[in-house]
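Peer 1: Can you keep this structure in mind? I'll have questions shortly.
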Amino acid sequence: MTDNIPLQPVRRSRRHDSKHRHGCCPWSRCCGMGDLRPRTVWLGHPEKREQRYPKNVINNQKYNFFTFLPGVLFNQFKYFFNLYFLLLACSQFVEELRLGALYTYWVPLGLVLIITIMREAIEEIRCYLRDKEVNSQIYSKLSTRGTVKVKSSSIQVGDLIIVEKNQRVPADMIFLRTSERNGSCFLRTDQLDGETDWKLRLPVACTQRLPTAADLLQIRSYVYAEEPNIDIHNFIGTFTREDGDPPVNESLSIENTLWASTVVASGTVVGVVIYTGRELRSVMNTSNPRHKVGLFDLEVNCLTKILFGALVVVSLVMVALQHFAGRWYLQIFRFLLLFSHIVPISLRVNLDMGKMVFSWMIKKDSKIPGTVVRASTIPEQLGRISYLLTDKTGTLTQNEMVFRRLHLGTVAYGMDSMDEVQSHVFSAYTQPTHDLPASRAPAATKVRKTISSRVHEAVKAIALVHNVTPVYESNGVTDQAEAEQHYEDTCRVYQASSPDEVSLVQWTESVGLTLVGRDQSSMQLRTPTGQILNFTILQIFPFTYESKRMGIIVRDESTGEITFYMKGADVVMAGIVQYNDWLEEECGNMAREGLRVLVVSKKSLTEEQYQDFEARYVQAKLSVHDRSLKVATVIESLEMEMELLCLTGVEDQLQTDVRPTLEILRNAGIKVWMLTGDKLETATCTAKNAHLITRSQDIHIFRQVRHDKKPFCAPALSGDSDVCLKYYEYEFMELACQCPAVVCCRCTPTQKAQIVRLLQEHTGKLTCAVGDGGNDVSMIQEADCGVGVEGKEGKQASLAADFSVTQFKHLGRLLMVHGRNSYKRSAALSQFVIHRSLCISTMQAVFSSVFHFASVPLYQGFLIIGYSTIYTMFPVFSLVLDKDVKSEVAMLYPELYKDLLKGRPLSFKTFLIWVLISIYQGSIIMYGALLLFESEFVHIVAISFTSLILTELLMVALTVQTWHWLMIVGELLSLACYIASLMFLHEFIDIYFITTVPFLWKVTTITLVSCLPLYILKYLRRRFSPPSYSKLTT
């Protein structure tokens, strides 16, 4: 049985936007909507409200029409990098600081801003259209004028709303009526809690009994509802009808609610709206996801700060060499402008465009179909993951339960002996009940008969003790009503809140006892002979996380016998059933095989015993104070000396290729932690089954112990108490980080997120969280990189994640191939863009030094813009297609990934090497041009600029490791663009001079001197100290 763990998203004030994500009016407090208070809601009379409630509008936009442009510009210029370029561009309006045409500074900045604004506008428009679609959905409302149509956004607290089958519930409502004969309905809640199993909901008994839905407006009644809160699994309220005789009072619980964002799966329902807008459970449960900034972006930002420091130092040196003569402070500003290319404005644009290309490559990879990139700003994070934290159920396992074992104590039945169980059940309903003659009843027959009856009792108990409902659907041949009437097997589907329960009922069907019908008060079973057994449901005690068991009291209509059946976890059932010497041992054996174990028991009750219990139970349910405690006490009075019938073992099968994927991750140096809400035995067994823990490794289990009056638990790893996370953070992490693998069981959603946060703070390493359910959302949003698996538990996790995959096995390729390539390509691209800017800045510094430290620009106008755009942009950007090894090799040798964890592709060492290369090449080109020019200054510009362009194109060729046809096109296109543009640049370049032989040999000489030594060094390095990947490619 799955645990109903409350969805508790992690909320931390420092990570919240100032504007609520589902932002209602910012003046809500002034409008009387600031405090969340209980309310009395009159049915069908929204005008009788005591306070103002928020509009039922979903708004996921970050900006509105008026705040869009100011908001986007503020978010851009709050970063030093962009603010610096804005100040540079604005300085050109000051005459003393102007160095050239205004467009040389404003065009690059404008290009960056236009790309950013367009990207934000597209995202906002998409968001607006999604919100508009939801807010514009049409619903039927009961009013004094009859049934009227209203938009979702016009619904108010107190409205009576009709919701059809397969329609989304528009607001939080109390369930009043249903068209279903059995007086209940099912909800699909996958978009609320991540669970795909349908939930049973019950209407208010008083309103369900009314002849028609229109009568709801004729009665004088109201609902008292608690204040809005985030708990989607609990609700406290009352329903009161004042005009009844006597007045009717009914208590309301979670079973009477229809939360917004759920979908009605059966029948047509009528509900009264109690919460709207920002007070909806679904809205309050949506934590604001933190804006994730990649570690790579932080490192690049650090390098740009170093470059800015270098810019200031160079400017001060230039002024100092002038002996601070004249208006030296103006000269400092002019030099800051002159050397501004040291900090490249094109770096941000190139990296952002590169990220978009990497995201597109991930989406288009045919070997990981269905993969979606929702956060295109952090693909490089995938290349540096040190810790991977994964959910178990639905992520490592398929969440498809298969019945594996029935254990009766003296005999056990596995998958290969289910035919014996089937024959025992068949014989129980076909053999006459009278005793056989003594002469034909030897001892062996008696034993068989005893086992047969025990098997029959066990199967019957499993077929009765559950919350499963058979639903009949039309199959094209038989319609729904006919299928339901004749119990058509081909049209029947089982629905329950737990896949465990469905698997048990499907198994009883396979051995001959079929659940064919169920409503609120009765259940029907079909025997192997086709006979229908009718049972009246007297009481149901549902499964809870605290009780870890569920019970049902039924009356057999044919015999009148009253029986109390119960199933639950072995830890609680051991103290409820009669003494035996095999329960604990066999439960341990089955758990070690990876089976989820349930203990099934029964107790026969006399009519007097049941009547006494019912009186006490009803009295306890009516009490106002300590209701849950009193109810639990009454139920426990029945839970004594119960007869142990059997153990059931259900297996949750592993996802495809989980073992090889985990092995790849382990070989890549990634430590895998499994965080699950399941119990310790099942969690450790799944870990062994998936080879997360090898058979030879010892498992150190730290249970809850007493220490200094505080419970202490540590990592291997029972999460019964989160005190270790509160009081022993350092010790917990110190121990856990040394383990090759960690399993944390019984984790709540909050604890999962807390463990991720502790890992980040303690190790400083990058974390990746993988999950598939609503209870994994907090962990996914907290991790540096969140991956959602689209699975049985819905799409909530995949929608909240940065990356979404369809299977866990796709994670290997996502990290080993795409993560590795994205990081290495981004590192090469960023360093080359810095090299390109430093080259031209070095040339400017040499030029100014030679000409008496004059603050005069070497290149002006279109030359300076064209250098970083059409002349070099294509080949430099083509580095995003480069790769050192084929994807097959990267998957075969995950050890290559381990090298990236040290951050070597982009480090201070590689940065310094590129700075030295830039200074060398810039100096060679400028000094070469000064030495070889003849008479005209314009010849210096022609020789140096042409050499600079050729040098950049050759350096791209030097950096490339695997050629792609687009790289060659980029190189040739850039060269062609430069040659063609020379015809229009007569203002800066002497057209006749560049066609002469002296120009050609001078440019060739300078380019060879600047590039040839680097080619020689690269050859020697690959010859005598090859990188690890080169050994795999030769």
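Quick reminder: no glycine exception, Cβ is built from N, Cα and C everywhere.
A TrEMBL annotation is a machine prediction, not a hand-curated record.
Straight from TrEMBL, here's the annotation block:
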type	residues	note
ACT_SITE	D391	active site, 4-aspartylphosphate intermediate
BINDING	D391, T393, D772, D776	Mg(2+) binding site
BINDING	D391, K392, T393, E501, F543, K567, R596, T676, G677, D678, R746, K752, N775, D776	ATP binding site
DOMAIN	45-105	domain 'P-type ATPase N-terminal'
DOMAIN	144-279	domain 'P-type ATPase A'
DOMAIN	799-1026	domain 'P-type ATPase C-terminal'
TRANSMEM	65-87	transmembrane segment
TRANSMEM	99-118	transmembrane segment
TRANSMEM	298-322	transmembrane segment
TRANSMEM	328-351	transmembrane segment
TRANSMEM	833-853	transmembrane segment
TRANSMEM	859-881	transmembrane segment
TRANSMEM	911-931	transmembrane segment
TRANSMEM	937-958	transmembrane segment
TRANSMEM	965-985	transmembrane segment
TRANSMEM	991-1017	transmembrane segment
Peer 1: Would you report the average pLDDT that the model assigns to the domain 'P-type ATPase N-terminal' (45-105)?
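Peer 2: The answer is 81, the mean pLDDT of the model over that range.
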Peer 1: Taking contact to mean three or more C-beta pairs under 8 angstroms, with sequence separation of 6 or more, is the transmembrane segment (833-853) in contact with the transmembrane segment (65-87)?
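Peer 2: When sequence-distant Cβ pairs are counted, the transmembrane segment (65-87) does not touch the transmembrane segment (833-853), since fewer than 3 lie under 8 Å.
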Peer 1: List, in sequence order, those recorded positions among D391, F543, R596, R746 whose Cα sits within 10 Å of the Cα of D776 (Mg(2+) binding site).
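Peer 2: If one measures from the Cα of D776 (Mg(2+) binding site), the recorded positions that come within 10 Å are D391.
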Peer 1: Looking only at residues six or more beyond either end of the transmembrane segment (991-1017), which have a C-beta under 8 A from one in the stretch?
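Peer 2: For the transmembrane segment (991-1017), the sequence-distant neighbours (Cβ-Cβ under 8 Å, at least 6 residues beyond its ends) are 917, 920-921, 924-925, 928-929, 932, 934, 936, 938-939, 942-944, 946-947, 950-951, 954-955, 958, 982-983.
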Peer 1: Residues sitting near the transmembrane segment (937-958): Cβ under 8 Å, six or more positions beyond its termini, same chain?
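Peer 2: Same-chain contacts beyond the flanks: 832, 835-836, 839-840, 843, 858-859, 863, 867, 871-872, 875-876, 878-879, 921, 925-926, 928-930, 967, 971, 974-975, 978, 988-990, 993-994, 999, 1002-1003, 1006-1007, 1010-1011, 1014-1015, 1018.
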Peer 1: Which numbers of helix, strand and coil residues does DSSP report for the domain 'P-type ATPase A' (144-279)?
Peer 2: 22 helix, 51 strand, 63 coil
Peer 1: Mind tallying the domain 'P-type ATPase N-terminal' (45-105) by DSSP state, helix then strand then coil?
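Peer 2: For the domain 'P-type ATPase N-terminal' (45-105), the helix, strand and coil counts are 31 helix, 0 strand, 30 coil.
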Peer 1: Do any residues, 6 or more residues outside the transmembrane segment (328-351), come within under 8 Å Cβ-to-Cβ of it, and if so which ones?
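Peer 2: Answer is 81-82, 84-85, 88, 91-92, 96-97, 99, 108-109, 111-112, 115, 297, 300, 304, 307-308, 310-312, 314-316, 318-319, 322, 826, 829-830, 833-834, 836-838, 840-841, 844-845, 848, 855, 857, 864, 868-869, 873, 876-877.
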Peer 1: Run the contact check on the transmembrane segment (965-985) against the transmembrane segment (65-87): 3 or more C-beta pairs under 8 Å, excluding pairs closer than 6 in sequence.
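Peer 2: No, the transmembrane segment (965-985) does not contact the transmembrane segment (65-87).
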Peer 1: Go through the recorded positions D391, G677, R746 and tell me which ones have a CA within 10 A of the CA of D772 (Mg(2+) binding site).
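Peer 2: Cα within 10 Å of D772 (Mg(2+) binding site): D391.
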Peer 1: With the cut-off set at 10 Å between Cβ atoms, which of these binding-site residues ends up with the most neighbours? Options: T393, N775.
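Peer 2: Sorting the candidates by Cβ neighbours within 10 Å, the top entry is N775.
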Peer 1: Which one is closest to T393 (Mg(2+) binding site) in space, judged by CA to CA distance, out of the binding-site residues F543, R596, G677, R746, N775?
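Peer 2: Going through F543, R596, G677, R746, N775 one by one, the Cα closest to that of T393 (Mg(2+) binding site) is G677.
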Peer 1: Taking the binding-site residues one at a time (R596, R746), which has its Cβ surrounded by the most other Cβ atoms within 10 Å?
Peer 2: R596
Peer 1: So if I draw a 10 Å sphere around the Cβ of F543 (ATP binding site), how many other Cβ atoms end up inside it?
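Peer 2: There are 23 such Cβ atoms around F543 (ATP binding site).
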Peer 1: Between R746 (ATP binding site) and the residue listed as 'active site, 4-aspartylphosphate intermediate', what C-alpha distance do you get in Å?
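Peer 2: Between the alpha carbons of R746 (ATP binding site) and the residue listed as 'active site, 4-aspartylphosphate intermediate' there are 11 Å.
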Peer 1: Which of the listed recorded positions (D391, D772, D776) has the least company, meaning the fewest other Cβ atoms within 10 Å of its Cβ?
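Peer 2: Sparsest of the recorded positions D391, D772, D776 by Cβ contacts within 10 Å: D391.
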Peer 1: Could you state the CA-to-CA distance between F543 (ATP binding site) and the residue listed as 'active site, 4-aspartylphosphate intermediate' to the nearest Å?
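Peer 2: A Cα-Cα distance of 22 Å.
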Peer 1: Measuring Cα to Cα, tell me the gap between R596 (ATP binding site) and the residue listed as 'active site, 4-aspartylphosphate intermediate' in whole angstrom.
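Peer 2: Answer for this pair: 17 Å between alpha carbons.
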Peer 1: Where G677 (ATP binding site) and the residue listed as 'active site, 4-aspartylphosphate intermediate' are concerned, what is their Cα separation in Å, rounded?
Peer 2: 9
